[in-house]
């Protein structure tokens, strides 16, 4: 008997699982807002140099702008240059000035505030020579996500899933409010780093809690719902950013709700799987009785004892280690193959996803509309992913989406640039495939790793995803050598990852979660034994066919 059999006996996918999942996925939706928040808080509006004098008397400010700031080939004021002296001759019709001396903007910039009344770019003048600081802020956020994946993944296996999750909610609420409060760019970067750490703490522990409280038949839908929560989060961000334009108020609006999540998360029960694995049977039984009561199985819950619960998991937990380290991810052959393959797959999926996401930002539309489109485009892709994961399997779904996305990117290299609609459609399809494979990977990874190292394994895999996110801009810079190199890199890594999934990972659809490394090794050996038996049976059948009377007659 397995632990999932006990959950089925207590109501299966009942009221407890539905409410528990909803309470965990709501924060994940708002978490997606933070992942894309800098698209709005760091938006770069049209801008030009401040005039070299305090000239404000005339009503003809447009004429003064023409005389002090050069225009580019499109007739738009240059953002980073101004004339050293006003060129009054430009105010005369059909008059041009050649080789007039220019200089950088020494007195600051004037920004177009018609769409965004304030952003960090306006507040700290992150333009021209300082424009790289804007990208630095996002890189610092991703570095926080990277560190958080390593830290919270390890802590969750030692302290439980709930404690790091509760702390992450509080840290995000406080650091988000601090980001909106302080007036220093350095402070902004520090608190964005802390917010990035909480991204990993929330997403990894939320998924593990949902998966470990869900019976086998409900895990696929629960994992896909996590993906839809990110889609909803992108749509929420588009709407909130449209209504709240000042960056500080927008930052506060998407951070304050996490204080509410922090308060109610104290009442969420810890994973009974983790409690049983660490010898806390009494708390596990108490939580399971709560599950039984909420699912309308109160009598079954009252009959639960530590002996009954342990009988379901005794064989699974018998070989559990009391303490774990990252070396456990490479200790045995089966777990080593899983870890090495997932390192490649997570990195490749991430580098291709963020590489495509950077290209998709070149829509000539409203930034709020583009953000909504990024969210909507994932819906049909995830519907297909949900269906194939349920009826076909995890391995085929992840591999197919990765290979399809890679092929879309590679094919896009040969589409003429004047066919912009076709290029955009192919890039959008690739982005949707990669977003879906990302969500499938979260569920697939959680099912591949045993309970005793599940969080550590997911954290380790997530670290490689963040490395992919950091590597994507570097791959993009290869376009300076050849325009084909970035697309070739993104497409090839995605196809390679899909093939690796098919060759090295096993299917987990409709299988109970493995609790220990030893149990995983036994399952792999049983699968190999069944495979050998099948091959021998087929060989015997072929030999019998070869010796048949029909062949002798011929």
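Cβ atoms are placed via backbone N, Cα and C, with glycine included.
All annotation found in TrEMBL is predicted automatically rather than curated by experts.
Some features that TrEMBL has for this protein:
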type	residues	note
COMPBIAS	528-539	compositional bias 'Basic and acidic residues'
DOMAIN	27-509	domain 'Major facilitator superfamily (MFS) profile'
REGION	528-554	region 'Disordered'
TRANSMEM	18-37	transmembrane segment
TRANSMEM	140-159	transmembrane segment
TRANSMEM	166-184	transmembrane segment
TRANSMEM	190-211	transmembrane segment
TRANSMEM	223-244	transmembrane segment
TRANSMEM	250-268	transmembrane segment
TRANSMEM	338-357	transmembrane segment
TRANSMEM	363-384	transmembrane segment
TRANSMEM	396-415	transmembrane segment
TRANSMEM	427-445	transmembrane segment
TRANSMEM	484-505	transmembrane segment
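Remark: the transmembrane segment (166-184) makes no contact with the transmembrane segment (427-445), by the rule of 3 or more CB pairs under 8 A. With a threshold of 8 Å between CB atoms, the same-chain residues lying at least 6 positions outside the transmembrane segment (484-505) that come near it are 337-338, 340-342, 344-345, 347-349, 351-352, 355-356, 395-396, 398-403, 405-410, 412-413, 434, 444, 448, 472, 475-476, 478. A contact between the transmembrane segment (250-268) and the transmembrane segment (223-244) is present, since 3 or more of their C-beta pairs, 6 or more residues apart, lie under 8 Å. Long-range contacts of the transmembrane segment (140-159) within its own chain (CB-CB distance under 8 A, at least 6 residues past either end) are made by residues 38, 168, 189, 192-201, 204-205, 208, 323-324, 326, 452-460, 462-463, 465-467, 469-470. Tertiary proximity for the transmembrane segment (427-445) is limited to same-chain residues at least six positions away from its ends with a CB under 8 Å from its CB atoms, namely 203, 207, 211, 219-220, 222-224, 226-227, 230, 342, 345-346, 349-350, 352-353, 356-357, 359-360, 374, 377-378, 380-382, 384-385, 389, 394-395, 397-398, 401-402, 404-406, 408-409, 412, 457-458, 461, 465, 494, 505, 508.
Of the candidate ranges 223-244, 363-384, 396-415, 396-415 contributes the most Cβ pairs within a distance under 8 Å of the transmembrane segment (338-357).
Counting residues 6+ beyond its ends, the transmembrane segment (396-415) has Cβ neighbours under 8 Å at 345, 348-349, 352, 356, 381, 385, 388-389, 422-423, 426-427, 429-431, 433-434, 436-437, 440-441, 444, 484, 487-488, 490-499, 501-502, 507 in the same chain.
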